[in-house]
Amino acid sequence: KRLPQAIIIGVKKGGTRALLEFLRVHPDVRAVGAEPHFFDRNYERGLAWYRDLMPRTLEGQITMEKTPSYFVTKEAPARISSMSKGTKLIVVVRDPVTRAISDYTQTLSKKPDIPSFESLTFKNRTTGLIDTSWSAIQIGIYAKHLENWLLYFPIRQILFVSGERLISDPAGELGRVQDFLGLKRIITDKHFYFNKTKGFPCLKKAEGSSKPHCLGKTKGRTHPDIDQEVVQRLRDFYRPFNMKFYQMTGQDFGWD
């Protein structure tokens with residue numbers, strides 16, 4: 001059992017589960033199924049506890065985990081860096097407005113009596129002041145969170161995966177991920193089929209199985225209808241942060 005050499009650190013509702021499931025098809029990737037939450041919630045348990053959660057690997061295999069809340073956790077970059085400065089980091093990002101709605105949809109499915117998306121978005125609806133303390137909005141300010149990571153890791157050690165392209169061209173995005181991890185490009189088009197009902201790609205064969213594999217019922221939930229004016233306000237709010245994020249990463253994600 002080895003400490004992970006690569007971690008999917010974010011973001012929540014970006015497509016991290018899909019990416020991990022797709023990657024596990026690769027014979028040289030071994031990953032923890034559940035999210036360990038070591039660098040945010042369980043850090044005091046120590047590295048030996050963390051290592052013990054990891055799957056056994058052979059020489060040349062990569063150990064991975066994913067916990068999307070790491071990206072927004074203040075202490076996570078320093079903690080991961082002190083484990084290993086060479087850790088490769090992967091962030092799956094998607095349009096922050098859609099991401100916020102998806103985040104809200106997930107909460108709504110667990111707590112049907114929460115206030116409306118619209119009322120949680122604004123500190124003050126009349127002035128249109130956005131409530132940046134609400135985590136659904138906070139998470140999407142990617143540029144701000146990334147600054148924290150760049151204090152500890154060079155940008156070349158962080159790969160940014162487009163959540164949108166993970167749906168429209170899973171093999172293309174997986175090609176970039178395999179290159180970044182130094183793996184042979186084994187996962188290709190032939191591993192995927194598009195599931196029209198779910199609206200996203202599924203694996204023809206999952207790890208250790210010969211059956212097709214789609215992500216569970218909690219993925220691809222139908223989003224509630226959100227007032228278009230609110231969506232527009234959010235687009236305007238995120239635009240400068242998105243632009244800064246594009247500059248920092250050298251990638252235009254096309255959200256605007």
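Placed from the backbone N, Cα and C atoms, the Cβ positions cover glycine too.
Taken from TrEMBL, the feature domain 'Sulfotransferase' applies to 4-239.
Residues or ranges marked as active site, for sulfotransferase activity by TrEMBL: Lys13. On its own chain, Lys13 (active site, for sulfotransferase activity) has Pro68, Arg94, Arg99, Ser102, Asp103, Gln106 as residues at least 6 apart in sequence with a Cβ closer than 8 Å to its own Cβ.
The 3'-phosphoadenylyl sulfate binding site annotation in TrEMBL covers Lys13, Gly14, Gly15, Thr16, Arg17, Arg94, Ser102, Lys219, Gly220, Arg221, Thr222, His223.
The disulfide bond annotation in TrEMBL covers Cys202-Cys214. Its own atom aside, the Cβ of Cys214 (disulfide bond) has 18 Cβ atoms within 10 angstroms in the protein chains shown.
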To the nearest Å, how far is the Cα of Gly220 (3'-phosphoadenylyl sulfate binding site) from the Cα of Cys202 (disulfide bond)? 12
Can you give the mean pLDDT for the domain 'Sulfotransferase' (4-239), rounded to a whole number? 94
Around Cys202 (disulfide bond), which residues of its chain at least 6 apart sit with Cβ under 8 Å of its Cβ? Phe192, Tyr193, Phe194, Asn195, Pro212, His213, Cys214, Leu215
Cβ neighbours of Gly15 (3'-phosphoadenylyl sulfate binding site) where a neighbour is any other Cβ within 10 Å: 28
